[in-house]
Amino acid sequence: MKPISIIGVPMDLGQTRRGVDMGPSAMRYAGVIERLERLHYDIEDLGDIPIGKAERLHEQGDSRLRNLKAVAEANEKLAAAVDQVVQRGRFPLVLGGDHSIAIGTLAGVAKHYERLGVIWYDAHGDVNTAETSPSGNIHGMPLAASLGFGHPALTQIGGYSPKIKPEHVVLIGVRSLDEGEKKFIREKGIKIYTMHEVDRLGMTRVMEETIAYLKERTDGVHLSLDLDGLDPSDAPGVGTPVIGGLTYRESHLAMEMLAEAQIITSAEFVEVNPILDERNKTASVAVALMGSLFGEKLM
């Protein structure tokens with residue numbers, strides 16, 4: 001059992017809705033530390049990465065990317081913190097914050113692996129670039145940036161690019177893609193299980209295939225779990241909810257199967273927004289899923 005280091009990233013600059021910066025606090029309040037300590041893990045909480053201020057329009061220069069400078073700076077700090085955690089032989093567990101923070105997490109983790117795999121558990125593909133993004137929100141770009149596509153301020157975080165390869169990525173739970181993203185996923189040959197596949201195959205088979213696929217090709221796997229991957233009835237407190245999502249039960253099963261397979265080497269849970277939530281339900285769901293990921297069982 002690897003010791004776990006928790007890093008909070010109160011980032012809300014990768015999108016426009018207020019409140020997601022309170023996600024790390026909400027998950028701590030929902031008892032993440034106590035839950036993992038009950039499973040006999042050695043836990044340290046490294047506190048939060050400092051986040052700069054939102055940029056005014058005139059400060060953005062010619063960039064279509066909202067808050068590019070502040071997002072890049074925070075991700076550089078996060079990459080350095082995660083790098084340190086991995087160097088110390090600990091498991092980095094990152095609490096978001098919007099999904100733009102995955103750029104920093106992956107930058108810190110990937111340098112320690114030859115072939116890092118990624119499970120992207122999300123309603124969205126997050127493979128936009130400045131050219132394809134309808135919004136200019138960086139939380140829709142972290143996977144593209146980590147694959148080496150997009151603005152150099154994002155792709156070069158941690159001082160190297162790319163962090164990961166398309167054939168080492170599996171997308172699960174996707175049900176909302178922009179046109180440019182569909183083209184990107186097809187062209188790069190990224191393995192994807194949309195909700196259509198999840199419904200047809202069932203979650204057990206999706207996870208069995210995902211685990212077998214990554215075990216064969218990678219030497220470590222990062223889990224990037226966006227709470228909007230779940231259906232809004234189970235996880236209402238997210239900034240970009242999409243109906244028809246993964247259930248709590250399916251997600252719980254997915255985490256249990258990952259725990260049994262023992263392939264996950266780092267993880268982040270993102271997009272918990274307490275302002276949009278109902279009585280901290282979404283943060284509690286996130287913490288319950290972390291419990292399952294780290295081996296919590298009913299019996």
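Cβ coordinates are placed from backbone N, Cα and C, and glycine is handled just like the others.
Positions annotated as Mn(2+) 1 binding site by Swiss-Prot: HIS99, ASP122, ASP126, ASP226. Residues or ranges marked as Mn(2+) 2 binding site in Swiss-Prot (evidence: experimental evidence): ASP122, HIS124, ASP226, ASP228. Among the features that Swiss-Prot reports, substrate binding site is placed at HIS124, GLY125, ASP126, VAL127, ASN128, SER135, GLY136, ASN137, ASP178, THR240, GLU271.
Cα distances from HIS99 (Mn(2+) 1 binding site) to the binding-site residues HIS124, GLY136, ASP178, ASP228, GLU271 are smallest for GLU271. Annotation for ASP226 (Mn(2+) 1 binding site): spatial neighbours HIS99, TRP120, TYR121, ASP122, ALA123, HIS124, ASP126, VAL238, VAL270, GLU271, criterion Cβ-Cβ under 8 Å with sequence separation of six or more. For the pair formed by ASP178 (substrate binding site) and ASP228 (Mn(2+) 2 binding site), distance between Cα atoms is given as 16 Å, rounded to the nearest Å. Counting other C-beta atoms within 10 Å of each candidate's C-beta, the binding-site residues HIS99, HIS124 are led by HIS99. The local packing around GLY136 (substrate binding site), expressed as other Cβ atoms within 10 Å of its Cβ over all shown chains, amounts to 17. Fewest Cβ neighbours within 10 Å among the binding-site residues ASP126, ASP178, ASP228, GLU271: this applies to ASP178.
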